[in-house]
Amino acid sequence: MNIAVIGAGVVGAATSLAIKEAFPVSRVTVFADAFSPQTTGDGSAGLWTPYLLGSTPAEDVLRWSGETYRWMLSIWKSESAGDAGVSLIPITRVTSDARGVPEQAWISTVFGSRRMSLGDLRRLNEEQAAEYTSGWQFITFTAEPTRLIPWILAKFKSLGGNIVKRKILKLDELVDESFDLLVNCTGLGARDLIGDATMQPVRGQVSRVEASWAFHVFLVEDEAGNYVIPNVESVVLGGTHQENDYDCRIREEDEKFIHEGCCKLLPALRECNIIKRWVGLRPGRPRVRLETESREAENGKKFTVIHNYGHGGSGVTLCWGCALDVVRILHGLKTEKNLSKL
């Protein structure tokens with residue numbers, strides 16, 4: 001089997017590795033015009049927590065995020081944790097919404113989950129002059145994409161995978177090159193590649209600061225919420241989620257919102273040095289698309305593409321679980337092909 005994976009962000013990289021591990025004799029090639037550290041995910045903190053997933057079914061989020069959480073746990077327990085950028089870290093997620101934070105199905109996946117007590121919330125509200133109504137605390141992971149993506153692709157190459165730097169403008173290009181199956185992991189690029197008009201950018205701006213004493217994630221799950229996410233060499237302060245906004249320039253008003261909001265959460269951040277400011281466009285979609293599609297090229301040749309894109313702000317959180325679903329689909333397609341020969 002000759003398989004082409006389009007896209008080398010965290011989803012494309014994970015999918016390529018999962019396919020190569022499951023089908024070692026198959027030829028698997030990754031095509032992308034941007035690689036780490038130039039992918040969208042590279043600017044993120046790599047926090048495992050489902051975020052900006054629209055109407056993606058809860059059972060899918062549970063399966064994909066759970067399998068990714070367990071994969072990260074296995075990496076964290078191995079000698080590869082440092083190279084892969086995987087760290088274990090506590091998190092507090094709160095909201096000021098009168099409806100509170102609903103108990104999500106995925107909360108059963110994580111270690112040490114607990115709904116915050118009224119006493120906990122009262123203390124936080126006094127400290128931060130806030131009006132939090134509910135919150136959860138649990139143990140999660142950060143898997144920093146600037147380390148994770150290169151680690152995944154290095155492992156992929158060690159298994160015989162191929163990597164090609166090339167922008168794919170039409171799926172037909174690869175059909176003409178005799179690939180048996182295509183896997184579309186182009187994120188926001190799916191809007192142009194296959195004409196998916198439901199894709200829209202969700203602009204995110206963050207700052208990275210020096211704060212080596214910070215070891216706890218704090219995330220305010222409001223419409224205009226802030227977050228503080230420690231990484232190994234810096235702490236990520238955020239953020240924004242501005243829909244259908246293609247502006248990749250740093251906005252001073254957003255910088256002010258981030259700085260003031262995060263200093264309210266953690267006053268000691270006020271004197272920290274800013275290392276870097278960054279803007280990226282998340283691949284927003286009403287729901288994650290993970291399915292097969294039968295298409296016909298301009299030359300009349302029929303082919304199959306597996307779509308795996310539209311992960312919103314959860315590319316790192318869902319990457320391995322979605323990759324395993326692609327592998328399951330491939331097993332099914334292979335079985336169908338074998339049965340058709342009987």
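If you go along the chain as it appears here, the first residue is 1 and each next one adds 1.
Cβ coordinates come from backbone N, Cα and C, glycine included.
TrEMBL annotations: computationally assigned, not manually curated.
Sequence annotations record features per position, and here TrEMBL assigns domain 'FAD dependent oxidoreductase' to 3-326.
The FAD binding site annotation in TrEMBL covers Ala45, Gly46, Leu47, Thr186, Gly312, Gly313, Ser314, Gly315, Val316, Thr317. According to DSSP, Leu47 (FAD binding site) sits within a strand segment. A sphere of 10 angstroms centred on the C-beta of Leu47 (FAD binding site) encloses 25 other C-beta atoms.
Per TrEMBL, the feature D-dopa binding site maps to Tyr227, Arg282. Counting only residues at least six positions away in the same chain, the Cβ atoms of Val217, Phe218, Leu219, Val220, Val236, Leu237, Gly238, Gly239, Cys262 sit under 8 Å from the Cβ of Tyr227 (D-dopa binding site). Secondary structure at Tyr227 (D-dopa binding site), taken from DSSP and collapsed to helix, strand or coil, is strand.
Note: Gly313 (D-serine binding site) has non-local neighbours Tyr51, Leu52, Leu53, Val202, Gly204, His241, Arg282, i.e. same-chain residues 6+ apart with C-beta under 8 A of its own C-beta. What TrEMBL records for Gly313 is D-serine binding site.
Shown in sequence order, Thr142, Glu144, Val206, Ile229, Asn231, Val236, Gly238 are the residues of the chain, 6+ apart in sequence, with a C-beta less than 8 angstroms from the C-beta of Ala45 (FAD binding site). Reduced to three states, the DSSP call for Gly313 (D-serine binding site) is coil. Highest local Cβ density among the binding-site residues Arg282, Gly312, Ser314, Val316 belongs to Val316, counted as other Cβ atoms within 10 Å over all protein chains shown. Binding residues for FAD (Ala45, Gly46, Leu47, Thr186, Gly312, Gly313, Ser314, Gly315, Val316, Thr317) extend across at most 21 Å, taking the greatest CA-CA distance.
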